[in-house]
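**Q** What TrEMBL shows for this protein is this:
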- 288-417: domain 'VIT' (DOMAIN)
- 21-39: transmembrane segment (TRANSMEM)
- 59-78: transmembrane segment (TRANSMEM)
- 90-110: transmembrane segment (TRANSMEM)
- 116-140: transmembrane segment (TRANSMEM)
- 160-180: transmembrane segment (TRANSMEM)
Amino acid sequence: MTLSKDKAAPVAADHGQTGPQVGILSFLLGVLLPAFTLLFEAVSRMCASLAFDPIPTVWHIMLAATVPVANAAVFLSIRYRDTRHLPFMLRFNGVAIGVSACYACAFAALTPLAVLALIACGLGLLPLSPLISLIVAMTLRRKLRKLAMQKEQEPIIPKLRYTFSATVAMMLFLCLPNVLTFTGAKLASRYDTRASGMQLLRNYGSEKILLRYCYSTNNPLSPASLLSALLSILNVESHFLDLDTRDAQQLYYRLTGAMYNSVVPPDMRSFRRDSIGPVDTGEFDRNQGGDSVAAPVKNLFLKESGLDAIVDSDSATSYTEWTLVFQNDSYLEREARAQAVLPPGGVVSRLTLWVNGKEREAAYNARAKVKNAYKSIVQQRRDPVLVTTSGKDRIMLQCFPVPPTGGVMKIRIGITAPLALESPEQGLLRTPFFIEKNFSIPDTNRQAIRMQANSAIATFIPSAEFSVTSSKENTHCLAGSLPGPLMSRPFTIRLSRQSGTANTWTEKPAAGKGDIVCQSIIEKPIRMPGQTIIVIDGSSRMAQHKEAISRAIAGLPEEARFSILLADDDFTELRSMRRQNAAGIRIAAESIMDTSFEGGRDNAPALNEAFRLLEGYPDGAILWIHSTQPVELPFNPELARRIRDRVNDPVLYEVQLDAGVNILSQRLEDAHVADSIPDFDDAGHSLRKAFSILSGKATVFQLERTSGSGEIIPKQGNHAWQHVARLWANGEILKLEKSGKQEDLARAVSIAMAHQLVTP
């Protein structure tokens with residue numbers, strides 16, 4: 001494009017001194033200051049750590065870099081009277097003005113503070129850089145236009161509004177991922193719009209942006225940075241873009257199916273190069289003495305571990321001592337925290353802490369009292385260990401302080417548990433394992449396992465390195481070790497027993513003379529439910545199990561009456577309620593193979609729908625097949641009401657196919673709604689058990705315990721050890737706790753203290 005209508009030749013550089021002048025101050029403030037500000041932020045990330053990220057992408061960096069480059073080019077053109085590329089220079093200057101204006105708006109909230117800091121102590125120039133650059137760019141444009149008017153009679157000068165509008169549109173376009181992500185997030189965080197919000201996140205949301213706000217949402221201009229700032233300047237409400245950290249963590253799980261702290265955290269470092277999120281990246285531990293395991297802590301690991309078990313097959317009971325040694329290689333005292341799963345029906349009956357090389361037994365009391373005592377000791381930095389229940393067959397373990405710089409802490413947990421009887425002649429014992437922890441377990445770590453039983457040890461995991469020996473005194477021993485990674489998975493041992501030993505008895509350890517507990521084996525057939533609804537978790541981790549689920553459904557009898565609900569962002573009916581024939585069962589099984597499993601699904605809406613569909617069917621049953629849910633999602637209000645007001649609800653069986661925490665499952669179990677089918681060797685075992693119940697082919701062998709005087713001793717009963725009485729006490733405590741009455745709760749605490757048990 002030429003500068004005049006008659007297409008006159010461009011004017012060469014004129015080094016004369018007439019016309020507009022530019023001083024060195026314009027170069028310092030319009031070129032060097034924005035260039036230094038951009039470089040400083042790119043290296044230090046100071047603004048990103050304290051306010052918002054002004055250059056989150058390479059495109060932002062490139063646009064921000066146009067400001068010093070354009071100002072330098074225009075400065076030189078004016079200084080040397082060079083008008084050969086005047087249209088380009090004016091457009092380039094328009095880009096600089098647009099970028100500077102956007103960033104000046106973004107920093108508008110900080111501008112008054114920066115001015116005060118500049119006046120008071122000479123600091124605060126960097127936040128003013130966009131505004132200063134804007135003023136310089138506008139000044140240079142005015143002088144460039146003046147130069148053009150001197151050189152040309154009728155100059156064709158590009159309009160500023162076109163270039164400016166295009167630049168602002170580009171800046172807003174770069175904000176689009178933020179806008180879409182947080183619009184979807186706000187919709188997904190509301191109960192009535194969560195499905196549409198999650199769909200928006202899955203289609204257009206950014207995992208990277210959502211992950212960043214899992215760690216910090218305290219930025220005054222977050223989360224849409226420039227757009228949020230522009231809206232605030234225009235007095236437009238932008239609260240729809242705000243996102244709480246906890247909401248972001250929930251949504252990240254629902255979007256990806258993974259915990260936010262299970263992936264590499266975003267780069268959020270300050271100008272001091274320390275971590276902006278030291279709590280969540282393992283530098284510090286703000287949950288010390290708290291009620292949850294929380295994020296992993298750096299340099300804290302399990303140094304040694306061992307399991308020593310004794311099994312009395314006659315009474316179908318076991319006692320296991322789990323020894324754990326923690327080591328801390330950091331420079332701070334640490335608290336080791338973990339959730340562990342006990343053997344089915346198990347209870348902690350002993351707790352030992354080593355202090356200065358000597359064993360100390362733990363005290364037992366009500367949960368609130370021991371929790372407060374533990375927190376008090378943590379504040380005094382003494383040597384406590386705390387074990388509390390965290391659901392059915394689960395405990396929360398807390399140890400503090402693990403000494404710094406290579407210090408160790410050693411504890412031992414005693415666990416009393418029954419065998420899970422497959423038949424009167426055979427029982428299963430599952431060892432305890434971690435489902436959540438804030439320490440690491442090195443791959444080189446091996447957990448020693450030693451077991452002694454008075455009956456043959458039939459089978460165990462063949463891939464593990466174990467040996468079995470037997471003696472003439474009917475003593476059978478198992479010895480070996482498990483590699484570190486298997487300590488977070490169930491490990492099961494199968495033991496044989498004599499079918500004639502159905503009845504046993506023992507004295508109560510804390511009762512008067514003559515008080516005993518009797519135990520007998522009860523065989524209980526389970527009838528096929530009249531109506532069954534199978535609820536399947538649609539989370540991504542379930543994809544690996546869909547073949548097993550499909551095979552299990554294909555094995556249902558033709559007379560079975562069932563439907564299938566898939567828990568997705570809401571729920572989807574894969575198969576409606578009807579009495580199935582062979583073709584219908586085959587179609588139902590194939591529908592599982594055709595299902596797409598993704599993200600982390602909230603199963604509560606599907607469960608609520610299952611309860612609704614089975615209203616009026618007292619012989620109905622719900623089978624809930626699911627994976628882990630380590631994040632607490634907003635609880636479905638309808639399901640909460642059903643739990644609170646339930647009357648003759650159908651039985652809910654639940655099968656968890658992966659080791660780990662499921663908060664919804666814990667909530668249902670704590671409310672005595674769900675009947676968990678324990679997992680033993682693999683997920684297939686629990687699935688087979690569950691579908692045998694639905695098929696009416698299952699027989700349950702239960703251990704029933706009663707208390708009374710010596711007159712109730714069975715004639716053919718064998719005398720057993722006192723762990724039988726501890727299991728009776730645990731059962732009584734659970735019954736009393738279920739009633740919710742204050743007098744029953746007080747009695748439950750008294751029984752637990754008398755038998756030294758860790759119970760709810």
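Note: Cβ is positioned from N, Cα and C throughout, glycine not excepted.
Annotations in TrEMBL come from automatic prediction, not curation.
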**Q** With CB pairs under 8 Å as the measure, which of the listed stretches 21-39, 90-110, 160-180 comes out on top against the transmembrane segment (59-78)?
**A** 21-39
**Q** Same chain, outside the transmembrane segment (21-39) by at least 6, Cβ under 8 Å from its Cβ: which residues?
**A** 55, 61, 64-65, 67-68, 71-72, 75, 78-79, 100, 125-126, 129-130, 132-133, 136-137, 139-140, 143
**Q** By DSSP, what is the split of the domain 'VIT' (288-417) into helix, strand and coil residues?
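**A** Once the DSSP states are binned, the domain 'VIT' (288-417) shows 14 helix, 73 strand, 43 coil.
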**Q** So what pLDDT does the domain 'VIT' (288-417) average out to?
**A** 85
